[in-house]
Amino acid sequence: MDTNMEDVGRVPAELTSSNFEPTTIPTLDGWIESLMNCKQLAESDVQRLCEKAREVLQDESNVQPVKCPVTVCGDIHGQFHDLMELFKIGGSCPDTNYLFMGDYVDRGYYSVETVTLLVALKIRYPNRITILRGNHESRQITQVYGFYDECLRKYGNANVWKYFTDLFDYLPLTALIDNQIFCLHGGLSPSIDTLDNIRALDRIQEVPHEGPMCDLLWSDPDDRCGWGISPRGAGYTFGQDISEAFNHNNGLTLIARAHQLVMEGYNWSQDRNVVTIFSAPNYCYRCGNQAAIMEIDEHLKYTFLQFDPCPRAGEPMVSRRTPDYFL
């Protein structure tokens, strides 16, 4: 079959919304300005935004190529004001190229504003920002951990939740920086040996309960060798022998991932084959951790920038208490 592996896993062009008028740059800039001030968009504007974003994302690969320099970020989890701090530390978009590794929603109080802003930036500067899918970019998880309830509270119905969760199906699963640094939300899978295995996946679906797509968003590195059962109930744990072999076989120097709270914002593991980056400081407004982002320059040299929570007077009360289990 004469198919380029780069194109496998993409959505056919005929699925593009044909009756959608392209959003003008002044309109987008107005939306972004409003969102930067933590003001939510009207429901109809969110619908237009998500339709346009789908057109952009459906052309991206399951292993989206990214060029240096770029700044790599971990979980945000609706902590909007800390995202503003991240941009203050790392530079504004599009002055800085960004790669976000998923988990934009749930837990924090401003999931709506956070994910809307990142999606708007993606449409406005598609070659300057890459947004990957995390395990929380899912219909099932967001109904339990806050995003669904927040949408109901802020819009009075579930339409905005549906627009975004439908869009999440189009997010790339992984990214590859200059063919050397492999970025994804969770970790490796026993079903995947090569990047071409990932390119061959059909990603346009809800995150499955098991299988390679699930594993990429749920797995974690572990001190024990080989594959292990994950305490999360999805994905696997994988040892240094697994990450070393994967990096060697695919010509990689590093796996960068998010998904786990690390107290200093970043953490090397598995003899520096893997680095975990977490970008939500004082996670859930109580964990006391620092956050970090990883700056990669044009020579593939990386620097970690750590930051603390943005000072703020207080946060609004949430309508229900979310479960304690940290996903």
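Cβ atoms here come from the backbone N, Cα and C positions, even for glycine.
Keep in mind it's a predicted model, so treat the numbers as computed, not measured.
Summarising the annotation, Swiss-Prot assigns Mn(2+) 1 binding site to D75, H77, D103 and lists similarity to another entry as the type of evidence. In the structure as shown, the Cβ atom of H77 (Mn(2+) 1 binding site) sits within 10 Å of 28 other Cβ atoms.
According to Swiss-Prot, the Mn(2+) 2 binding site annotation covers D103, N135, H185, H259, on the basis of similarity to another entry.
Among the features that Swiss-Prot reports, active site, proton donor is placed at H136, with the record citing similarity to another entry. Mapped onto three states, the DSSP output places H136 (active site, proton donor) in coil.
Per Swiss-Prot, the feature leucine methyl ester maps to L327; the stated evidence is similarity to another entry.
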Measuring Cα to Cα, how far is D75 (Mn(2+) 1 binding site) from H259 (Mn(2+) 2 binding site) in Å?
7
With every protein chain in view, how many other Cβ atoms are within 10 Å of the Cβ of H136 (active site, proton donor)?
29
Using a Cβ cut-off under 8 Å and a sequence separation of 6 or more, which residues in the same chain sit near H259 (Mn(2+) 2 binding site)?
G74, D75, M101, G102, D103, G134, N135, H185, G186, G187, L217, W218, D220, T276
For D75 (Mn(2+) 1 binding site), what is the secondary structure by DSSP, using just helix, strand and coil?
strand
Cα of H77 (Mn(2+) 1 binding site) to Cα of H136 (active site, proton donor): how many Å, rounded?
9
By a simple count, how many Cβ atoms lie within 10 Å of the Cβ of N135 (Mn(2+) 2 binding site), its own Cβ left out?
25
